[in-house]
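The structure that follows is given in the form of structure tokens.
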Amino acid sequence: MNAPHLLEKILRGERLSSEEAYALAMSIAKNEIDDVQKAGFLVALRCGRERPEELEGFVRALLDLAVKVGPFREAIDTAGTGGDRANLFNVSTAAAVTLAAMGYKVVKHGNRSVTSAAGSADVMEALGYNLNLPPEKATEVFERTGFVYLFAPLYHPAMKNVAHVRKNLGIRTIFNLAGPLSNPARPGYQLVGVSEPWMLDVFAKALKNLGVERAAVVHGRPGIDEVSPTSTTEVYFVDRDKISYSVIDVEDFGAKPLESLEPLKVRDIKEAKEKFLRALRGEFPEAVFLGVNAAMAIHVIDGKDVSEAYLEVVETLARGEAINKLREIIEASGGNPTF
């Protein structure tokens, strides 16, 4: 790869093919170009807004470099880009645990916080989950419980070669977009939240090209990377090689809209843990937020109507099955529940 030539191409306003993006991501991750060039590429790609082919190429590279586990094609991952600055509790992870309690297979892939008060890994660790699961143990936990949480730094060791560049830049880069799509277990189903509306189309096309079975890419009002519990949510559905667009209202789930996101916000890991547990116990208003997101995931997996799925989620929470599943998952990981 000719780094200066490729950088000039981007600066001329041209974009990279998926093959060029793959080669670039590989060169960055393998330290084949220096830090100045790495920063130049990341900023240049960001300036023109990343394209589906570029995102696809970076994701393919990350997956090829990742520590192998699975694949678990029957599973779903629920993830988001982050960066919405809303500081809401970790609803996608709470929804993932609830899905497992309902019998759905889940492989959650996540990391510590970058922009929020607490990342999914921070919360899982605070709850007692053992993050340090090698592939063999992760497979065992998945087969035993139907759920496993994969701590991204363990499975993407090559990312350490760009970590300091990303930190020093202090801005979102294409790696922030590629992360939610780079689950090393390669689940066939995905619910992905994006922080900006323009990302909807980009993610949907990338997911289609990556060969996902079914997925939903969501952006909720007022600007969150989750299904909104207060208003409407834009959704791009991916069904193998087809992409469709819709807008769904919280009332379509059979839920009463929350008046505000304020009760869902957290300031630190302690609050994040408390609201996470309240959601799994079916307490208001956290359970509404969990419910609409879990229902959307169920719709992705089996096409069930979101109102029917929402009711099933609410009943699961009321029976205490989600909180019990969380204990089971933590114990299977070799951890000790802290609640």
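Even glycines carry a Cβ here, placed using N, Cα and C.
Sharing the record's features from Swiss-Prot:
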- Gly80, Asn111: anthranilate 1 binding site (BINDING)
- Gly80, 83-84, 90-93, 108-116, Ser120: 5-phospho-alpha-D-ribose 1-diphosphate binding site (BINDING)
- Ser92, Glu226: Mg(2+) 1 binding site (BINDING)
- Arg166: anthranilate 2 binding site (BINDING)
- Asp225, Glu226: Mg(2+) 2 binding site (BINDING)
Which whole-number value in Å describes the distance between the Cα atoms of Asp225 (Mg(2+) 2 binding site) and Gly80 (anthranilate 1 binding site)?
6
Expressed to the nearest Å, what is the distance separating Ser116 (5-phospho-alpha-D-ribose 1-diphosphate binding site) and Arg166 (anthranilate 2 binding site) at their Cα atoms?
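Cα-Cα distance, Ser116 (5-phospho-alpha-D-ribose 1-diphosphate binding site) to Arg166 (anthranilate 2 binding site): 17 Å.
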Near Asn90 (5-phospho-alpha-D-ribose 1-diphosphate binding site), which residues of its own chain have a C-beta under 8 A away, given they sit six or more steps off in sequence?
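In sequence order, the residues whose Cβ lies under 8 Å from that of Asn90 (5-phospho-alpha-D-ribose 1-diphosphate binding site) (at least 6 apart) are Ala118, Gly119, Ser120, Val123, Ala272, Phe276.
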Check Gly80 (anthranilate 1 binding site) against DSSP and tell me helix, strand or coil, would you?
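In three-state terms, Gly80 (anthranilate 1 binding site) counts as strand.
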Just to confirm: which same-chain residues, 6+ apart in sequence, have a Cβ under 8 Å from the Cβ of Ser92 (Mg(2+) 1 binding site)?
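When sequence neighbours closer than 6 are ignored, Ser92 (Mg(2+) 1 binding site) has Thr78, Ala79, Gly80, Lys108, Ser120, Leu191, Gly193, Glu226, Asn293 within Cβ distance under 8 Å.
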With Cβ-Cβ distance below 8 Å and at least 6 positions apart along the chain, what are the contacts of Thr93 (5-phospho-alpha-D-ribose 1-diphosphate binding site)? List them in sequence order.
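In sequence order, Thr78, Lys108, Gly110, Ser120, Val123, Met124, Tyr149, Phe276 meet the Cβ cut-off.
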Give the distance between the Cα atoms of Ser113 (5-phospho-alpha-D-ribose 1-diphosphate binding site) and Arg166 (anthranilate 2 binding site), rounded to the nearest whole Å.
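Their Cα atoms are separated by 14 Å.
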